[in-house]
């Protein structure tokens, strides 16, 4: 038997957790995610957005939303750009662990759409220019995973 999630979201409800830090990037990721959800038939009224101060706060809010069982998927969007200190490494590691743990405590898929880049140019490329829009990619993953879990 094969299981495969469909890419139609007409009956899905999706939450997006987005960081306000580096909002010149995260706003593009959010636009890409919302546009993609709508293009895949998720009703705009079924898309809720929670804003958090920075990437570090994303996992807690994502976990809380996923545990509510009101959503078929939760998308996390943020942007961490390497600076001149080790802060980048700590934030990236803890955010990735936190999002992963959120998947462990609920049956709602929590999708990792957080950019971790070496510089601003890489972030811009992944927010809608050369390398596509990682927010849009996260939205496709959310739809597929939500439908796959319904099928299993």
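Every residue gets a Cβ built from N, Cα and C, even glycine.
Long-range Cβ proximity for residue 87 (active site, proton donor), meaning a same-chain Cβ under 8 A and a gap of 6 or more residues, is found for none. The annotation active site, proton donor is assigned in Swiss-Prot to 87 on the grounds of sequence analysis.
Here Swiss-Prot flags 21, 55, 56, 57, 79, 80, 81, 112 as 5-amino-6-(D-ribitylamino)uracil binding site. Remark: residue 56 (5-amino-6-(D-ribitylamino)uracil binding site) has 91, 94, 95 as non-local neighbours, by Cβ distance under 8 Å and separation of at least 6 in sequence.
Its own atom aside, the Cβ of residue 84 ((2S)-2-hydroxy-3-oxobutyl phosphate binding site) has 6 Cβ atoms within 10 angstroms in the protein chains shown. DSSP assigns residue 84 ((2S)-2-hydroxy-3-oxobutyl phosphate binding site) to coil in the three-state reduction, outside any helix or strand. Taken from Swiss-Prot, the feature (2S)-2-hydroxy-3-oxobutyl phosphate binding site applies to 84, 85, 126, supported by sequence analysis.
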If you count the C-beta atoms lying within 10 Å of each candidate's C-beta, which of the binding-site residues 21, 112 ends up with the smallest number?
21
Between 55, 80, which of the binding-site residues has the fewest other CB atoms within 10 angstroms in the structure shown?
80
For (2S)-2-hydroxy-3-oxobutyl phosphate: widest Cα to Cα gap among 84, 85, 126 in Å:
23
Out of 84, 85, 126, which of these binding-site residues is nearest residue 112 (5-amino-6-(D-ribitylamino)uracil binding site) by C-alpha distance?
126
Round to a whole number and give the Cα-to-Cα distance in Å for the pair residue 79 (5-amino-6-(D-ribitylamino)uracil binding site) and residue 85 ((2S)-2-hydroxy-3-oxobutyl phosphate binding site).
16
Determine the C-alpha span of the 5-amino-6-(D-ribitylamino)uracil site listed in the record, that is the greatest distance between any two of 21, 55, 56, 57, 79, 80, 81, 112, in Å to the nearest whole number.
17
